[in-house]
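Asker: Pulled the feature table from TrEMBL, pasting it below:
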type	residues	note
TRANSMEM	20-39	transmembrane segment
TRANSMEM	74-91	transmembrane segment
TRANSMEM	103-124	transmembrane segment
TRANSMEM	130-149	transmembrane segment
TRANSMEM	161-182	transmembrane segment
TRANSMEM	209-231	transmembrane segment
TRANSMEM	252-275	transmembrane segment
TRANSMEM	287-306	transmembrane segment
TRANSMEM	318-337	transmembrane segment
Amino acid sequence: MAAGLHDRAVDRRARRSLPVFALCALVLLLAAAASLFYGSQPVPATDVLAYLRGTPGNLAEANASVMALRVPRTVLGAVCGIALGVAGALCQAHTRNPLADPGLLGVSSGAATGVVLAISVFHLVSPAQYTVFGLLGGLLAGAVVLGLAARIRLANAATSLILAGTIITGVLNAVSSTVVLLDKVTMDRFRYWTVGSLSGRDASVLWDVVPWLLLGLLLTVLNASSLDALALGDDVASSLGRNVIRDRLIGLLAVVVLAAAATASMGAIAFLGLAAPHLAKRIAPSGLPGVVALSGILGGAIMLLADTAGRLVLPTGELSVGIMLAILGAPLFIVIARSSRLRSAVDSL
């Protein structure tokens with residue numbers, strides 16, 4: 001009988017979730033359409049559809065050139081936004097810290113250090129070339145943070161993780177700053193990367209990071225079933241039959257892979273991994289797996305809307321998506337931070 005009641009409760013949650021997920025997916029699709037249609041040079045819907053159907057010969061040459069740049073940019077923005085939203089939700093779930101974001105694991109600093117070395121040591125000049133080094137730097141930094149946290153072994157595992165992340169982030173920031181300050185050329189090129197932008201990212205960047213993004217999403221799917229149990233505490237999760245160490249490792253590896261791939265491909269992005277989960281928690285009618293999935297959808301939509309807005313603000317140029325997210329995200333997070341739910345969550349840490 002208890003199993004039947006549980007199944008009916010799950011069915012009710014699923015029915016309530018469908019309209020919310022459908023609406024958010026529609027917002028993501030509309031954001032993708034806006035990203036394709038609008039920019040410094042608007043493209044008619046007929047030309048966009050012709051290009052997507054594979055008949056670019058019917059387009060004006062200028063519109064065909066624009067679409068050749070805009071399609072991979074839109075796809076990359078969507079998948080990176082999804083990755084950062086999912087990574088932020090997982091990071092908050094596993095640390096039980098509503099103020100956590102993927103940068104907590106040193107991934108952003110690791111990616112930045114990798115890009116600095118790519119510029120200063122190997123003299124690389126294009127975003128596509130930076131991607132591999134940024135990805136390796138982010139993955140290595142995340143792995144070191146996880147290993148250091150395991151060795152620190154404080155009473156609270158989340159505190160060990162935060163401390164390890166702070167240490168590694170500080171060291172990597174010092175290395176990056178030293179190299180940048182000693183080399184003006186590196187400073188000029190790195191400054192462009194570090195603001196976070198989709199400009200100049202072509203299909204080669206997308207193909208470099210897609211396998212890693214898919215790996216991160218696969219780890220997320222494997223980890224999803226454990227999130228609600230882990231939210232009750234490690235002791236309770238263990239009593240429910242969960243392997244807490246394995247579940248936490250899979251979840252944090254997913255955060256590292258997703259955040260490293262997104263950061264390597266487009267630079268450091270603030271607020272998205274922090275704000276998307278909070279928005280998802282306000283509208284998600286289901287448990288933490290639903291929050292994680294909804295965070296990804298909202299992250300993709302927010303990324304594309306911010307990128308499109310940045311292209312429309314300046315008629316002769318654009319504001320990078322990193323700047324737009326900071327401008328839009330700061331007031332949004334102030335509103336979120338004033339909510340009683342977040343204050344009570346922070347007080348309970």
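Here the Cβ of each residue, glycine as well, is placed from N, Cα and C on the backbone.
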Asker: Under 8 angstroms for C-beta pairs, at least 3 of them, ignoring pairs fewer than 6 apart in sequence. Is the transmembrane segment (74-91) in contact with the transmembrane segment (252-275) by that rule?
Answerer: yes
Asker: By a Cβ-Cβ criterion of under 8 Å, what residues six or more beyond either terminus of the transmembrane segment (130-149) are in contact with it?
Answerer: 105-115, 117-119, 122, 124, 157, 160-161, 163-165, 167-168, 172, 193, 205, 208-209, 212, 249, 252-253, 255-257, 259-261, 263-265
Asker: Sequence gap of 6 or more, Cβ distance under 8 Å, 3 or more pairs: do the transmembrane segment (252-275) and the transmembrane segment (318-337) meet that?
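Answerer: Contact confirmed: at least 3 Cβ pairs fall under 8 Å.
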Asker: Using Cβ atoms and a strict cutoff of less than 8 Å, what residues sit near the transmembrane segment (318-337) while being 6 or more residues removed from its termini?
Answerer: 39-40, 77, 195-199, 266-272, 274-275, 278-279, 302-303, 306-307, 309-311, 343
Asker: Which residues, given as numbers and ranges, are at least 6 beyond the ends of the transmembrane segment (287-306) yet have a Cβ under 8 Å from it?
Answerer: 13, 17, 20-21, 24-25, 27-28, 31-32, 34-35, 74, 77-86, 88-90, 93, 220, 224-225, 227-228, 231, 269, 272-273, 275-277, 279-281, 321, 324-325, 328
